[in-house]
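Chemist: Following this message is one structure expressed as structure tokens.
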Amino acid sequence: MEVGLVALLRLTLVAAILPIILASLRLRPFHQTILGLAKRGKTMHPSSSKFTVPQRFFSHFYMVGTLWTTLLLLTTWLYACTAGSTSSTIFALHKSHRVWRAVFLLWLMEAQVLRRLYESLYVFHYRPLARMHIFGYFIGMSYYIVASLSLCCTCAPEVFEFTLDLVSEGRKQWQPLEVIGGNRSPLWLGWKQWVGSAIFLWGWIHQLRCHAILGSMRAGGEEYVIPKGDWFEIVSSPHYLAEIVIYVGLLIASGGADITIWLLLAFVVTNLGFAAAETQKWYIGKFEDYPKHRYAMIPFIF
């Protein structure tokens, strides 16, 4: 089951990455198709209302993401408390560390989706006419299901079986949780987890700041203005850059051995890179005095 789940997640991510890469290379019909599906908000013409939903539905992504990530976090955390508790073998300890790493990654993702949910509800002020394609809406709805599951995919099948047993057998399964009060430290953090979490926090804070800037601009009126402050001084889409930094942190915190998380990062980079290129094009066309030194998303590269 584990191999099947991992393979399915990897296949899903590859299937999502390839069309975006082909579209970024300006290969028709990929470019026009992906461009039409990806447009939203200011990059979507107001008359393009067919097969669209209000952009304020963005909050649905994070509602689903929060519920799903919380469920995975709680069940994986409960399972982690039992992993290796009945044996002190090297295999059992390795398994315990692997599961606890998944718990750590899910805690980081929980911090991300909760903040994004708050921002979508209270920081961003979506314009009444702002729309997004319904295909992009369903992709967004499913993204955090795939993303959070990718962070714990190596132990997810075991967690699912444990959860089913927990539900079916009741309190019998709670006995191993006594290990929490024991002498063994449940959460093992190596240097990769510390470095990864520091990079995650760096990106998390800058995305918070950049979203606050965008939110304050949208609250000020209907006219678009050139955003300024924080990473907006060097790139046009710093909130996308911060998102990439966040996922680089998750990758490092995972230990970097899981191809699934590499593919997750690749999807984030290609997807946001494509969106950043279109945003840069829109800014340049909208403002004659737009700063020429600003890159689209990654300083000195793109």
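Cβ atoms here come from the backbone N, Cα and C positions, even for glycine.
Annotation comment: TrEMBL describes 191-302 as domain '3-oxo-5-alpha-steroid 4-dehydrogenase C-terminal'. Annotation comment: TrEMBL describes 6-25, 57-79, 134-160, 244-277 as transmembrane segment.
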Chemist: Under 8 Å between C-beta atoms and at least six residues away from its ends: which parts of the chain pack against the transmembrane segment (57-79)?
Modeler: 99, 102-103, 106-107, 109-110, 113-114, 116-117, 120-121, 124, 126, 132, 137, 140-141, 143-145, 147-149, 152, 155-156, 158-160, 162-163, 166, 177
Chemist: So which residues does the transmembrane segment (134-160) touch in its own chain, when a touch means Cβ under 8 Å and the partner is 6 or more beyond its ends?
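Modeler: That would be 1-2, 5-6, 9, 12-13, 16, 37-38, 40, 51-53, 57-58, 60-62, 64-65, 68-69, 72, 75-76, 79, 98-99, 102-103, 105-106, 109, 113, 250, 254, 258, 260-261, 263-264.
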Chemist: If you run through the domain '3-oxo-5-alpha-steroid 4-dehydrogenase C-terminal' (191-302) with DSSP, how many residues end up as helix, strand and coil?
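Modeler: Once the DSSP states are binned, the domain '3-oxo-5-alpha-steroid 4-dehydrogenase C-terminal' (191-302) shows 78 helix, 2 strand, 32 coil.
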